[in-house]
């Protein structure tokens, strides 16, 4: 066992040969490497599988022995400074290793088919393997310096993968946005690391925690404030990496990368890195109560914000991205409350559920591309979907399992972990608990909204009702594909938000009359306006994905069904079946938490029934609003008559419009950043440019112009006439003496006498000089 731990340092470097060999192959043998590009998926999967087996073995040893292994190499630079590098294998590292490798293998297996048509296939697998290497190095780091190095490598890989299709301007902009936003957090992380080293003299976790504890125990207020500041800076790095408020704005734009990358980034790697950092540094944060309160506050804000922003998204991947943001907020909330076990439990269950949802969405997008062509604006648009359950039944089943899990429906994975966080939130703060429980209802609503828009009803892409010609007939098409005759003037249309522009003030349920162009002056606005897209259609309907993609979905379904078994807290006296608690025992003792908590069935049912009822309410509302049966209710005008009786219809419309605008415009946070930060920086740049060109250059150019015009003016006085020189000489002498008499109070008559005598002498001298010139020349 000791032998295995000693060589565990090689874990991060096992996948590294793949990007190195791909790069060398493209440089030395480009034609052969490209011709046999599909071969490279095998070593990528094989090497990561080796890491997974080693990680599972280490985790088994952790469970059986509750053992923490750390090995450090010291590099002495001089007598006063040395760097220490090593690796740390503890329960947290073991959990993250299994999470990264299992999800990574399935993503690699899935990507082999998903990216087979792409010219950047080799580049994709090189990036992906290096991404896995960086993340494995991050979770096994034994000190803050190593964490920062691999932290930056993870950020670099995410930049490359988000902008994988860099020829698309929107993808290039998205990767730059992610990179710049994360630079804010990374700068804070670097300052926090340097600050802690300055006060403790060590980067190692154990030494750092011990020294900081001693400093705080001495009741030194200066040390406490400085440690609090450093902790805040460290937390800023986690906020950016895990897309927490207010540095979350990069997350939805990260969807411009390939879908397998979205699954990896939003499930087990990049966004999980911030949660991992807070969990790793939790002993430091625990001794600074203000930081713990800040962590929980940021977490609960992100929980609610992510859920509300997901309500009106048309893009299926953006909806899942905001869902990820909200679920990461739950984990951050749990860490801020001190619920270390609940946070890691939800990290595990959410990783597999969200990977299943993203890979399922990739299967959906893959099937839609055969109809609408390659265009993310069309293939990812849920407005053009619908009725896919008849065409992609396996994907539908897998997506439904992931949706139910994320909604918190038992016995699926996320139910157990989310319920534990909700229960702990009632003990921490009733206000936070109310917000967290309400968000659970929002989660169920928007996730079933995504499911119903995608799989129920009819395929909406086949209803192309406006071709841009005068003679084209206009239909008002309901969400589920049923053509409504043009004579209907005020149909009660479900969720008009799907076709609204950002500046429109249309309610959720009522259509407006609006101008479209010169061909159509005024018409009833259709629920879905689909322009005819000229493309080659290989299939008239979507088709199920290949078996290699479905295999990854099947394995993730199994994980979603059974992974929660490792953490179900039904421990009774005399039995201990909670594997997660046994694994986390060393960490729990480090945090001074009691691990002997037993949960009986009555308490569990009481707590779970409330959260499940909220989730079912959200599902019911989504089903009521989005289920195809609504079309028949609309035809009978049942909801129309009910809605028209409302006395507060105008107010209700305004509320719905506000909710839609808030969600679709990303809470106006991006706009605020654009106006305040981007606009402010541009304004400062323009001011600097004006000051440089007009003031600095103006002063220098002013001296030059003044000298030029003065020289041009004086050259006319140098005509060669002595009388002119004499006149100027006399004038300057008079001015000088006049100023001198003003400052020295010299009598004026003395000045006149001096001027008269000097003038006479000057005239005599000039006359003699002129006479001399006349006689000799």
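Each residue, glycine too, has its Cβ placed from N, Cα and C.
The annotation transmembrane segment is assigned in Swiss-Prot to 9-29, 40-60, 89-109, 147-167, 185-205, 220-240, 259-279, 290-312, 355-375, 426-446, 550-570, 731-751 (among others) on the grounds of sequence analysis.
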Tell me, please, if the transmembrane segment (147-167) and the transmembrane segment (259-279) are in contact, taking contact as 3+ Cβ pairs under 8 Å between residues separated by 6 or more positions? yes
Under a Cβ pair cut-off of under 8 Å, which of the recorded stretches 9-29, 185-205, 290-312, 355-375 contacts the transmembrane segment (550-570) most often? 355-375
Selection from 9-29, 89-109, 220-240, the stretch that has most Cβ pairs under 8 A to the transmembrane segment (259-279): 89-109
Looking at the stretches 9-29, 89-109, 220-240, 290-312, 426-446, which one shares the most CB pairs under 8 Å with the transmembrane segment (355-375)? 89-109
Near the transmembrane segment (9-29), which same-chain residues lie under 8 Å Cβ to Cβ, leaving out any that are not at least 6 residues past its ends? 40, 43-44, 47-48, 50-51, 54-55, 71, 86-87, 97, 122-123, 125-127, 129-130, 132-134, 136-137, 140, 150
Please report, as numbers and ranges, the same-chain residues at least 6 past the borders of the transmembrane segment (290-312) whose CB is under 8 Å from any CB of it. 228, 231-232, 235, 239, 243-245, 248, 278, 319, 322-338, 428-429, 432, 435-436, 438-439, 442-443, 445-446, 449, 497-498, 659-660, 662-664, 666-667
